[in-house]
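Copied over from TrEMBL, here are the features:
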- HIS56, GLU57, HIS89, GLU90: Fe cation 1 binding site (BINDING)
- 137-157: region 'Disordered' (REGION)
- HIS207, GLU208, HIS240, GLU241: Fe cation 2 binding site (BINDING)
Amino acid sequence: MVTEKEVEAIGKVLVDARKPLKARFRALFTLRNLGGRTAIEWISQAFEDESALLKHELAFCLGQMQDEQAIPVLLSVLRDTRQEPMVRHEAGEALGAIGNPDVLDVLKHYSDDPVIEVAETCQLAVKRLEWLQKNKSDPGPGPYLSVDPAPPAEGRDVPTLREALLDESRPLFDRYRAMFALRNLGGEAAVLALADGLRCSGALFRHEVAYVLGQMQHEAGVPQLSAALESPAESPMVRHECAEALGAIAKASCLETLRAYAQDAERVVRESCEVALDMYNYENGAEFQYADGLNKLEASG
Ligand SMILES: [Fe+2]
Ligand SMILES: [Fe+2]
């Protein structure tokens, strides 16, 4: 059993801006795994931080925890236009992930937000909540144990799913459904179909494709992810996700690019490379657990 004192000690690492970002990330994921009110309170406190990367990950984790106690803080982040678009996006998505239909009106309101990534996120979250209401059941965690912004499509044919994914005349929700179906199918053909999505319009869509490629951890996506990270014209939100995906894939072919962009002019890209290099080391090292905040406490205490 983890004591309140231990949760507090991990929470203090998370909110301490002097600690290295990679340690704060590991503390965050430890809190996410522990769950409960105190963990949520510590995560909520860190929304005062200056790192958009850290804050967007807080919102992501609160959504994945699917605990309704996080709804008030997520609503306030979504409403707060001083927060970066990427952070507000993740708050909107998290509200959809929790699955409580009480937030539908707020999400409908922000479906017209002037920031396109926020608006599209809220449109997707509305559709997810409506889908849950209609189907009366959660789609379940799927092979990746993540709560996704859309349930997977039912088909299993890669070319058909690829066509749905890349067809920009279709509703975004349907294209996302094809995306998660391709991810769940797995294999090189699915990876290559998804990687083609990195050339579609819409930064939100491309960042989600990059995220999914990171979950799949398949080397066939490395050239396309590297190209997007290296492109100065690409949105920082997408480049960030490409960097983290390369860290998750963690092959030698990812390392050079991540090292090169750890000095990028965009803070969110730099920080993503830093975190990605830590994930790379974890994937290639002997460490048993990435979310190792508790082990670190034992080692130091
Ligand atoms: Fe996101
Ligand atoms: Fe992200």
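Quick reminder: no glycine exception, Cβ is built from N, Cα and C everywhere.
A TrEMBL annotation is a machine prediction, not a hand-curated record.
Sequence features, as recorded in TrEMBL, placed on the structure.
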{"residue": "HIS56", "record": "Fe cation 1 binding site", "CB count, 10 Å": "25"}
{"residue": "GLU57", "record": "Fe cation 1 binding site", "CB count, 10 Å": "22"}
{"residue": "HIS89", "record": "Fe cation 1 binding site", "CB count, 10 Å": "28"}
{"residue": "GLU90", "record": "Fe cation 1 binding site", "CB count, 10 Å": "29"}
{"residue": "HIS207", "record": "Fe cation 2 binding site", "CB count, 10 Å": "24"}
{"residue": "GLU208", "record": "Fe cation 2 binding site", "CB count, 10 Å": "26"}
{"residue": "HIS240", "record": "Fe cation 2 binding site", "CB count, 10 Å": "30"}
{"residue": "GLU241", "record": "Fe cation 2 binding site", "CB count, 10 Å": "27"}
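Separation of the C-alpha atoms of GLU241 (Fe cation 2 binding site) and HIS89 (Fe cation 1 binding site): 14 Å, rounded to the nearest whole number. The two recorded residues GLU90 (Fe cation 1 binding site) and HIS240 (Fe cation 2 binding site) have their Cα atoms spaced 14 Å from each other. Across the region 'Disordered' (137-157), DSSP classifies residues as 0 helix, 0 strand, 21 coil.
A Cβ within 8 Å of the Cβ centre of HIS207, GLU208, HIS240, GLU241, the residues given for Fe cation 2, is found for these other residues of the same chain: ALA203, ARG206, VAL209, ALA210, TYR211, MET237, VAL238, CYS242, GLU244. Rounded to a whole value, the Cα-Cα separation of HIS240 (Fe cation 2 binding site) and GLU57 (Fe cation 1 binding site) is 12 Å. Summary of the Fe cation 1 site environment: with the site residues HIS56, GLU57, HIS89, GLU90 set aside, the chain residues having Cβ atoms within 8 Å of the Cβ mean position are ALA52, LYS55, LEU58, ALA59, PHE60, MET86, VAL87, ALA91, GLU93. The binding-site residues near ligand 2, defined by a Cβ under 6 Å from one of its atoms, are GLU241, chosen from GLU57, GLU90, GLU208, GLU241. Taken residue by residue with DSSP, HIS240 (Fe cation 2 binding site) is part of a helix. Taking the C-alpha positions, the distance from HIS56 (Fe cation 1 binding site) to HIS207 (Fe cation 2 binding site) comes to 13 Å. A distance of 11 Å separates the Cα atom of HIS89 (Fe cation 1 binding site) from that of HIS207 (Fe cation 2 binding site). Cα-Cα distance from GLU208 (Fe cation 2 binding site) to GLU57 (Fe cation 1 binding site): 14 Å (rounded to the nearest whole number).
Between the CA atoms of GLU57 (Fe cation 1 binding site) and HIS207 (Fe cation 2 binding site) there is a gap of 14 Å. With a CB cut-off of under 6 A applied against ligand 1, the binding-site residues HIS56, GLU57, GLU90, HIS240, GLU241 are reduced to GLU90.
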